[in-house]
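Step one of this worksheet: look at the structure below.
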Amino acid sequence: MGAMFFGLMLFTLGWTLIDGSESEQDFMWHVRKIPRLVSERTFHLTSPAFEADAKMVLNRVCGIECQKDLPAPSLSDLEDSLSYETVFENGSRTLTRVKVQGWVPEPTQNLTSQGAPVRRKRQVYGTDSRFSILDKKFLTNFPFNTAVKLSTGCSGILISPNHVLTAAHCVHDGNGYIKGSKKLRVGLLKMRNKGGGKRRRGSRRNRREVSGAGREGSQDSLKETAKAGRRRKGSARRQRAADGRPSFQWTRVKNTHIPKGWARGESRDPALDYDYALLELKRPHKKKYMELGVSPTIKKLPGGMIHFSGFDQDRADQLVYRFCSVSDESNDLLYQYCDAESGSTGSGVYLRLKEPDKKRWKRKIIAIYSGHQWVDVHGVQKDYNVAVRITPLKYAQICLWMHGDDANCTQG
């Protein structure tokens with residue numbers, strides 16, 4: 001299975017690079033100047049209730065045609081949407097207002113496909129082309145090791161030793177923070193030790209209890225009980241490994257950042273363009289992570305293909321990888337027919353391109369998978385699995401969240 005999957009990966013990469021209409025320049029990361037986001041003022045807000053229900057599907061999302069008819073957002077509108085809420089581990093919450101400097105408006109992207117009849121709601125299109133990553137050689141190595149699972153049921157991706165990028169709706173429904181996000185945890189993939197791992201040393205209290213029990217009962221009965229317990233635990237671990245289900249190391253989230261473009265409250269519906277959030281981990285990890293990149297246009301995608309991995313709920317905690325071509329785009333969204341189920345939302349969408357002036361290739365995150373949505377295209381409803389593009393402004397915002405200033409956010 002592992003060899004076949006590796007061969008398929010090589011074939012896919014080669015297939016995306018053989019189109020004679022594409023030049024070598026099209027397969028490079030183009031360094032772009034990033035506008036500055038400056039924190040202007042921070043306000044303390046009331047602590048959230050964490051009572052909202054998770055909302056995975058938004059009805060009648062403003063699609064490409066709809067966005068094309070809207071006036072271009074003003075600088076004030078952008079600054080309002082890019083201002084952000086931060087929720088801390090102790091339940092406190094703040095709102096930070098930002099100023100944008102050096103922003104150059106981008107031209108509106110053209111529609112890349114023609115109108116189509118209304119489609120039946122679905123998240124897997126035709127033959128299911130997803131691949132479960134079962135081989136440990138792939139599962140715990142880059143790029144698959146960058147995928148993480150959220151305790152709220154979504155996926156995410158490691159973008160630094162301390163940060164995870166995910167979809168905003170995984171923690172906030174646009175009006176309030178969802179149930180389960182108060183004590184949010186992130187599960188990182190880890191290797192299973194042979195034989196189920198090392199046995200932890202018991203606490204001093206547990207050792208005292210065992211000592212007391214030993215005085216009341218025979219040492220032989222205690223040994224038999226301990227052996228039986230270890231056999232049961234070892235059997236459960238081996239069964240999970242045989243099923244291809246990964247093991248997780250769970251880490252608490254220290255704070256969460258969400259743009260105001262999503263967390264609009266009761267006054268307006270959340271904007272799908274801002275369905276992304278950054279989670280700061282309480283403890284850093286030592287795994288290889290994936291860097292951010294600015295999303296290129298469809299014409300600059302090798303073969304028009306994107307890739308992402310997540311924990312689809314219909315595959316029992318297996319890590320699922322998929323790749324597909326992008327159908328349409330707007331300035332902020334990518335519309336595609338990648339096969340995916342709930343649980344994979346929040347996954348990092350990435351590309352593998354060549355670095356400028358270097359011979360090596362590098363993967364970078366260019367979008368966040370938002371899930372299955374209905375969008376208005378040419379006056380009809382079309383269903384797409386949608387990803388939120390990382391634009392220069394969003395790159396600057398996420399970088400500001402990570403570093404606290406714009407010192408490392410000038411180019412992307």
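Any Cβ shown, glycine's included, is placed from N, Cα and C.
Annotation comment: Swiss-Prot describes 1-23 as signal peptide, evidence class sequence analysis.
According to Swiss-Prot, the N-linked glycosylation site annotation covers N110.
According to Swiss-Prot, the feature domain 'Peptidase S1' maps to 124-407.
Less than 8 angstroms from the CB of C154 (disulfide bond) sit T166, A167, C170, G343, T345, G346, each of them six or more residues away in the same chain. Here Swiss-Prot flags C154-C170 as disulfide bond.
Look at Swiss-Prot and you will find 192-207 (among others) tagged as compositional bias 'Basic residues'.
The feature region 'Disordered' is assigned by Swiss-Prot to 192-246.
Taken from Swiss-Prot, the feature compositional bias 'Basic and acidic residues' covers 217-227.
Sequence annotations record features per position, and here Swiss-Prot assigns compositional bias 'Basic residues' to 228-239 (among others).
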| field | Reduced DSSP assignment, C170 (disulfide bond) | value | helix
| request: Look up C154 (disulfide bond) in the DSSP assignment and report helix, strand or coil. | output: coil
